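Listed in TrEMBL for this protein:
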- 105, 106, 107, 108, 109, 110, 111, 112: ATP binding site (BINDING)
- 12-688: domain 'Myosin motor' (DOMAIN)
- 565-587: region 'Actin-binding' (REGION)
Ligand SMILES: Nc1ncnc2c1ncn2[C@@H]1O[C@H](COP(=O)(O)OP(=O)(O)OP(=O)(O)O)[C@@H](O)[C@H]1O
């Protein structure tokens, strides 16, 4: 960014915080104009991006541009949407936290285009797999469907979104998009039944008529000509040059199939769209009693067919209302005016709820199925909030009230979060925080939303209280309860001068962005019941019977909106923010035209001056010591060409040499903070001059400079390599943690690496801790996933030890052992001092005497035979075990160990399972056989 400072006279500054007179609106506009005229539509205020609609295709959204911004530091390149998108993405991947990008501005300022471009940026630059390709397509294709049902041509914008949209893009731990979720806010239902001159109904109606094939229209009972439908022609511009309904229809139909809509869904959905058109054509006339009756039955027949509702009940429902008198329900006929009102109310309700159903259906298709299947439910998100800007129309109704209240809340959030971020940075850098004076619009939010005392509560009370509520009774209540509020005025409360501009049924709110006068005058159970029982499954989903049973007071639209806004603010508060403020440069959609008056107005109500003030209150510029030193080191002999000490000290030397005054800067822990832009500009100019001088120095010196440049490049490459390594490390650690969390699960992609690593470590450790001899029963505790393997390894190991031991026995020792075993059978437990004798080897002489004695006596011979018979099977096995467990050479103490072993072997305590013949008898070189004893 500093690179462009030198061109500031021509193209302005890239960041408004670098404006010398940051409080001047004129300077702000001047900078914006300079840039816009050079087709530089983006400018920062710190990390907030201001975007001015170019109304022409600029060559700044190519894949090359996307790649240019990918992974690059925020301030290194000119301001761009991609820099905001990339910054949010990079921080999310590195810190594993959630983000949101709030895009706001007035209608036609370029919000939807911006959010689409961000989505495309992620689609192109994020890693993906074949499996995730579908997710990406769905994320992109949900847009045309939502636009068809939620956008319309208005005077300000041919493709104006008539609803607020918040979209979460979900990423897995590798940063690949794996799903999404959409929340919609306040669809402009009134457009279904009424459009201003030069405006249209929602696109889908015209798309269906223009693009739907003959059979479909026939099935829906529709004609291709939009002029035939009352709801489509009030703006007198059903055909618009800039909109190709036929083509858009094809895109929408294709999108439906990709986002999982079944043919039945589509059939029901268009059944509803057609029903709304038929509803609009229903006309009422008076019967002899002054009650409304339907003039022509053909429309209602189509509605009955398409919604699967009983014809006579539908007819009755459109011309009667249900009154609850004591415990009874009575049908009361409507007059013609009320019947028209009821018809429109139903059309609006049907369309509004169908839109909500559509959003939910799309959400079902965007849900993160990949993660769900593979068990990776941990994900991070980047939310895109494309929300209507502050609206001031000629007549401001309840919808504008909600929109402006929403903006009021978001402004509060922006200021609070910016202040918080500033404060946190100061704290982190150890710089003293100086309180910033700013306008806190909480007072206006409270006026609207406070419980019992706020405008919404008063409206609720009026709507839900028994007896007739009128616009005037509502206004009186407002005057009574909030009349003394500094931001609320009515005609009665206003002074002489302002009184004329407020009507009797109006009230005026002094928003942070300016004054808006609202018309209080622009603020039925039987039909509801009919729609609950509809055979059209979407209608049944939209109108739930359980709502009818709910005896509690229903929530008014205002309260519903307030609640959804509260949860939206909660969602946003839990995430890291980025902001894009879109500005519309002129009313004629003309490229290059900069309408000062219009833009000044938007700068005000987008809260840009307030934001700049908060952002600039302390310091205009801050940079890490290393980066600052890197750029300006040539300005000081001590730091040029190299500074070998810590960067902070280098910067200190540098600014001392340049002559910064103490009030111009502060040194934080890792950054230098410069208070005034002029200080930075002076430094930048000096740097440019220095560069100019350096370019004129003789060749040998130039060589030196080239060397320095080369070094700088090399350092850059090293830094990039280090950054890559850091990213790799973060991903590895993340993988390790994920593996650890899933370590008890069967082998799956999430734990595979972790398990392999722990297997490797266990085996390496085991290698150094194997039992040393047959009597060593120690064994390294395995991780749970390796228990079975460890058990098998232990068996193999013991078997090998035994084999090794047996092979190492001398023939003489084997004989001795045999003898000990035999004598054990004879004397164990019978002879006193047996245990002590165990460690003493037999003397040959004694044993031969004993044998001779045995041979000499027939009785003795029998006894010997008897003893052998008795001990044969038992001793054979145990002696083997004892042999196996005894380490050579067998000294006296070993003998005792062996006999002990023999005892415990009977209980299986040797570690060698008894049931499993651990040693093959025939394979052991005994030398002496039993019979020879
Ligand atoms: N970056 C851009 N490059 C080129 N044209 C743009 C750009 N942004 C907006 N436009 C033009 O401006 C028109 C209006 O933009 P967009 O629909 O995004 O406005 P919006 O702020 O979303 O309005 P609304 O609130 O009515 O939906 C677009 O149809 C497009 O023609």
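Cβ from N, Cα, C; glycine included.
Cβ contacts within 10 Å of residue 105 (ATP binding site), excluding its own Cβ and spanning all protein chains shown: 26. Note on the region 'Actin-binding' (565-587): its mean pLDDT in the predicted model is 89. Listed in chain order, the extra residues whose Cβ falls within 8 Å of the Cβ center of the ATP site residues 105, 106, 107, 108, 109, 110, 111, 112 are 53, 157, 389, 582, 584.
In terms of DSSP helix, strand and coil, the region 'Actin-binding' (565-587) has 9 helix, 8 strand, 6 coil.
Annotation for residue 109 (ATP binding site): spatial neighbours 51, 53, 389, 582, 583, 584, 602, criterion Cβ-Cβ under 8 Å with sequence separation of six or more.
Sequence-distant contacts of residue 112 (ATP binding site), defined as residues of its own chain at least six apart whose C-beta falls under 8 angstroms from its C-beta, comprise 147, 151, 159, 161, 386.
Of all the Cβ atoms in the protein chains shown, 28 others lie within 10 Å of the Cβ of residue 111 (ATP binding site).
Take the binding-site residues 106, 107, 108, 110: by the count of other Cβ atoms within 10 Å of each Cβ, the lowest one is 107.
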